[in-house]
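Enquirer: One structure follows; several queries about it will come next.
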């Protein structure tokens, strides 16, 4: 909870004119740099303040400060100065340029330069500055760090009127927050000082505009001015103090620059290290620990697998989890294992310096911060998708073979650069051309610096064959609306051939493969999929419009996980023994067996072609069945490539069969076929009903249905708003909104509704829409034209019924391809069409609620015939668990969303279907239970 501190209402305590209003409009000059300053600029413009000029630092190399970039986007004059004065004297040409904009208020959100008093006092309404401490405490450049180092119970910031002193001017506004035991410099800044500081700068300017801005003189009682921690000599930690003081110093410098200490080796060598991730330890015993000696420390220090433990003067211990030695960050517990590793910085050649610049630009484009050697990728807030994007961009730009693990082992820029340079020196990426071995009709995709051969025929009984009569259908690239190729379109006769082949394999060759051998085949297939993951992800992007980085991480990544997960289950499927009442004097043994069903048909959707195949087929094959799959008509290419890999993995003919074609013909024939004993379907509810009817009428097939959804996501005001915004956006816009568990309707508490919407709009504006193969793209094209047109119709209905369209709602203009703008509707009432029906696209539907009636809120969330997923964001665990108990949905996310895992069951309630994909429960969908009773 934040506390606000302002002045009383004495007239002479305010900066005001007659009747409390300014006689002239504010003309604001923003002086400073950084993302913080850029966000302040955006906020002031949103609040209709006039910004007449932006004054910032000069470019670093070719890199412009983000404040300058933001100002240019809004066509605001930008001035870049190396300095404002020389030898204490203002530079005349600088003063002239400043005065040229006619500013009457200077706003300094964050500024590293010395600004002359001629500028500070030159604005009629003065100059206001942001400072990250509760003044007069911690004046100086390292206020946040000293708040933690001194063990303050509260942190905060001040907005003050600049004067000729150092952070001594009158206070305009202050806000505070508690300091938590696990806070670091990074967490305190991100949790409170940054977001609340941006908002408060806007409030301060509003107060000045209204003539109600106070000027409260600072007291000198309790004032402190702390040494600047950007000076290396001030970064050394004093280890001869209490454990809590040691802990506070380390966390005050975590993660940049890191507390400095010196390790003394037995031979007298001194090694400087930086310490990170500290915590107070309750341990008292150091059994099996090794001693390590820090220079100047009188207490012992120990190394265990958990980290380095430093003893304070009070006998308590501080645990350090990570340290940096030279350019490499290592787990502190591996100090002795890493002792012989060279830490000498690399001397870069001219070419390597150019590669350094390229690498820095990639990091900056992802993290949106200036990149220094100690910049920690994960400490800057990067997530799993950012990892995929970084790895792929580095691989493509520098042609160096790296993986996600490369970044995990070297998360700081300096060590990551060193790793990349060493790999390039060792020989680069090698030959990236595809080694193609293929027989049959196929198309060659030339994309992503690859040539990828993709089959275009049906796959029946281990062979690629033409459809009856050579019938084909076109496959269109949703990015450019061009035909990729033609694929075979199966007839009813082709369906019968595939089912017959699967039935013969089930009763013949597949029975000779043991459960463990079945698992080995699945593992081999997963390994092949991993070897070809870039190809599979590229095909998925071209064929379905999936963003490549998402395709690599989720479409392909979860597919690999599914095959490996269920490969581990193959020899663990077992029955039970059951005690029953025997007919004495005889004895009875009763036990159950879990057996495969037989031929299973799978009909999968177009949103996750490979992943939906894998979710269903991996469990199906693990259970010992054979399968015929009909992928979505519009994007079957990854399924056909997958079929090729099953041959290379050694699956016997007939075990896996692929039928491309239309749902009305091939899909219906599968539902009707008498030899198919199980059908798994993912798709719309209306089609699911038709399939269920066919399954019943043909031979009462067992079926599982994952159908439509209108998943409610409830966001309470007591949530972590930044997280709720980020994951709320993901809940709707993930995979372009083509996501079965997408949050079809958001219920946002009225207290935070407007702020939530504002932040979502801001987030959308940063999303790059475009070619899904571009590593920077966040939003690709919709899957096919008919779906795009459906989304346009959906938005038209929303407008007609009175919902408020606040963003998007139309096809992206002046861009070929099926691109639809991320869209937001507000003021959505329960009776409206868009409140009840699924869009299956990037359309956020928001309704307000008041928190006073929890039961009514849950009733609104449940007022739908769907029940696939749901979510809630709140810090109140009782509220969260009550929601999870009462909501009618197969999946409930609490303070997260889209967090699926192959080990967790997935499926819906009501008209969202029945049965489960994933987890142990999914195996039961492809098994039958046989009970055996033996009397003896």
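Just so you know, the numbers here start at 1 and follow the chain as drawn.
Keep in mind that glycine also has a Cβ here, set from the backbone N, Cα and C atoms.
Not my notes, these are from TrEMBL:
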type: BINDING; residues: 113, 114, 115, 167; note: (6R)-10-formyltetrahydrofolate binding site
type: ACT_SITE; residues: 131; note: active site, proton donor
type: SITE; residues: 167; note: site 'Essential for catalytic activity'
type: BINDING; residues: 630-633, 663-668, 683-684, 790, 838-840; note: NADP(+) binding site
type: ACT_SITE; residues: 706; note: active site
type: ACT_SITE; residues: 706; note: active site, proton acceptor
type: ACT_SITE; residues: 740; note: active site, proton donor
Enquirer: If you draw a 10 Å sphere on the Cβ of residue 665 (NADP(+) binding site), how many other Cβ atoms land inside?
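Expert: Residue 665 (NADP(+) binding site): 19 neighbouring Cβ atoms within 10 Å.
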Enquirer: Please identify, among the binding-site residues 113, 115, 167, the one with the smallest Cα-Cα distance to residue 683 (NADP(+) binding site).
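Expert: Of all the candidates listed, 113 is nearest in space.
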Enquirer: Which of 115, 632, 740 has the fewest nearby Cβ atoms, counting only those within 10 Å, among these recorded positions?
Expert: 115
Enquirer: Is it possible to get the count of other C-beta atoms within 10 angstroms of the C-beta of residue 630 (NADP(+) binding site)?
Expert: 29
Enquirer: Expressed to the nearest Å, what is the distance separating residue 663 (NADP(+) binding site) and residue 131 (active site, proton donor) at their Cα atoms?
Expert: 63
Enquirer: Between residue 630 (NADP(+) binding site) and residue 167 ((6R)-10-formyltetrahydrofolate binding site), what C-alpha distance do you get in Å?
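Expert: Rounded to a whole number, the Cα-Cα distance is 69 Å.
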Enquirer: Just give me the nearest neighbour of residue 740 (active site, proton donor) among the binding-site residues 167, 667, 839, Cα to Cα.
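Expert: Closest candidate to residue 740 (active site, proton donor), judged by Cα separation, is 839.
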Enquirer: How big is the Cα-to-Cα gap, in Å, between residue 115 ((6R)-10-formyltetrahydrofolate binding site) and the residue listed as 'active site'?
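Expert: Their Cα atoms are separated by 63 Å.
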Enquirer: Identify, among the binding-site residues 113, 839, the residue whose Cβ has the fewest other Cβ atoms within 10 Å in this structure.
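Expert: Among the binding-site residues 113, 839, the sparsest Cβ neighbourhood within 10 Å belongs to 113.
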Enquirer: Among the recorded positions 131, 790, whose Cβ has the fewest other Cβ atoms within 10 Å?
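Expert: Result for the recorded positions 131, 790: minimum number of other Cβ atoms within 10 Å at 790.
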Enquirer: Using the recorded (6R)-10-formyltetrahydrofolate site (113, 114, 115, 167) as reference, state which further residues of the same chain have their Cβ within 8 Å of the centre of those residues' Cβ atoms, listed in sequence order.
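Expert: So the extra residues in range turn out to be 108, 111, 112.
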